[in-house]
Amino acid sequence: MEEQVLPELDVAELELQAVIGFNGHVPNGLKCHPDQEHLIYPLGCTVLIQAINTNEQNFLHGHGNNVSCVTISKEGDYIASGQVTFMGFKADIILWDFKKRELIARLSLHKGKIEALAFSPNDLYLVSLGGPDDGSVVVWSIAKRDAICGSPAAGLNVGNATSVVFSRCRDEMFVTAGNGTIRVWELDLPNRKIWPTECQTGQMKRIVLSTGMADDDSFFYLGTTTGDILKMNPKTKLLADTGPVKDKFSLGVSALRCLKMGGLLVGSGAGLLIFCKSPSYKPIKKVQLQGGITSITLRGEGHQFFVGTEESHIYRVNFTDFKETLIATCHFEAVQDIVFPFGTAELFATCAKKDIRVWHTMSKRELLRITVPNMTCHGIDFMRDGKSIISAWDDGKIRAFAPESGRLMYTINSAHRIGVTAIATTSDCKRIISGGGEGEVRVWQVGCQTQKLEEALKEHKSSVSCIRVKKNNEECVTASTDGTCIIWDLVRLRRNQMILANTLFQCVCYHPEEFQIITSGTDRKIAYWEVFDGSVIRELEGSLSGSINGMDITQEGGHFVTGGHDHLVKVWDYNEGEVTHVGVGHSGNIMAMRISPGNQYIVSVSADGAILRWKYPFAS
């Protein structure tokens, strides 16, 4: 992960309109603001603030790497977020002003990673926990924006502390817990020291995943990897009770919340959400969700709450009927491809591990999900008539689905030996051109009932990364990671022209007038080529720091867009070869991008599962 290199100032900025994404792997990453109107959650190196009712989004940019924890002060004035960084480098904590949506202070002491953060009940202090390479706990003064004191978080002969919870009534007491360690800390402000007391659990050895403090500080609760809950008394530092004795929570207690009315909300690693009470901890109410639960956050007193899972689902649950409503979802693995149907910008499809999803462009809603378990989809295309979605899968099959229902229409088995890596369709809807991991390009004839292999074109020596078809369906171009682009004659089914370069080609586009193509790849250069004889016209320096993975050109051919490992979306003038606009917002490597039909939006997708929609900067 390179740090983001901000572009020079003379280039205009692209306007980011919307983000579809949520990093569900961050423990307690989903937070409901005390005003009960906003959700706050991390995505890559940004923190998103989303209005619950209107879905309006604000973005907090400032971290140079992935956000690893987020917390909100009791009154809701401050947000604090911590990040991961490279081994030996300092990891920043950023303090944000919620109302102004801006950075107040950057606190850096910890190395490698910030494991957890917590505000004191009167917003006086912030306590932070460093990652495994750091192992320290630090108390910060919010007024002075400076560290008060620090200490090693755990003893010498136990594991790392991974979670921290502040007292609900006193600003001087907090609890840290982790692998074999549970400590209650007292802050001694005059001497600038924190004093730990080790809590005794007797013969029991547990790894703590989640913590929760009762409203009156009478007890705190610890969820463990074993799947049981420990109830501790912070005054006596002794174990009060533990449970459930039988039927422990599968895959551990990964999230825990205490309710004002008594009782606990418990989320397990297997996706089970439970309401239970001490000392039996037997389920009083329960509901099964999709993906291991990583966050439970209350809206107000807990009459309604939000749950975030590892599979990047955000659910709203009402306490009384304990029924879940899915309010937001996105891909939880790298998004491989994005495509618009012919002639409409109202919806688009993306594909990733396990599934293909169809989205409504304006409302960011998921309209359809097509799931194929344990497989990864490398590429998708809509047939021109809109009657099927053609997809390329890593098990070597080409699958076609109905776009309204998601029903499997047909499968082409064993289409390629080492997985299907690229796919394209002709505008007459009669042919599919596919590329495989072994380098073959295959032309398939598709009828109502039959799918027949017309020709296998064997020229490439390595996987095919991109296929584009000419408007008249008589020619196509394929880009490969063996350093060649080949222009094929689709009538006589043989090679017309070959382009060689010292790079792994990742993307290729026809200029709309179709006498030139542009290519790019791992050498960071954008090259213009003559289709007729395969000669290079010119080369541009496409990026400063990494491979270019995605490219698309407008219908008129005046501008094109690129994106890649530098996390920047760039808009280029085709004839001048100059960057006109740059979009900063991605925090993972950009995998693919498309300009919508009608040139309204640019949609880019990245390796952290995010889908970003940008306003196209020129009037069409």
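The first residue you see is number 1, and the count goes up from there.
Just so it is clear, glycine is given a Cβ too, placed from its N, Cα and C backbone atoms.
Some features that Swiss-Prot has for this protein:
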REPEAT    62-106  repeat 'WD 1'
REPEAT    109-150  repeat 'WD 2'
REPEAT    156-195  repeat 'WD 3'
REPEAT    288-327  repeat 'WD 4'
REPEAT    330-369  repeat 'WD 5'
REPEAT    372-411  repeat 'WD 6'
REPEAT    415-454  repeat 'WD 7'
REPEAT    459-498  repeat 'WD 8'
REPEAT    500-541  repeat 'WD 9'
REPEAT    543-582  repeat 'WD 10'
REPEAT    585-620  repeat 'WD 11'
State, in range form, which of 156-195, 415-454, 543-582, 585-620 has the highest count of Cβ pairs under 8 Å to the repeat 'WD 5' (330-369). 585-620
Under an 8 Å Cβ to Cβ limit, what residues of the same chain, 6 or more beyond the ends of the repeat 'WD 4' (288-327), are close to it? 21-32, 36, 39, 41, 251, 254-257, 259-261, 265, 267-273, 275, 609
So what's the mean pLDDT when you look at the repeat 'WD 10' (543-582)? 94
Give the nonlocal contacts of the repeat 'WD 3' (156-195) in its own chain as ranges (CB under 8 Å, at least six residues past its ends). 27, 115-122, 124-125, 127-129, 131-132, 135, 137, 139, 148-150, 201, 205-217, 220, 222, 230, 232, 234, 237
Long-range Cβ contacts under 8 Å made by the repeat 'WD 10' (543-582), restricted to residues 6 or more beyond its ends, are 2, 4-5, 7, 11-14, 504, 506-513, 518, 520-522, 524, 526, 588-595, 597, 599, 602, 604-606, 612, 614, 617-618, 620
DSSP-wise, what's the residue breakdown of the repeat 'WD 7' (415-454) into helix, strand and coil? 0 helix, 23 strand, 17 coil
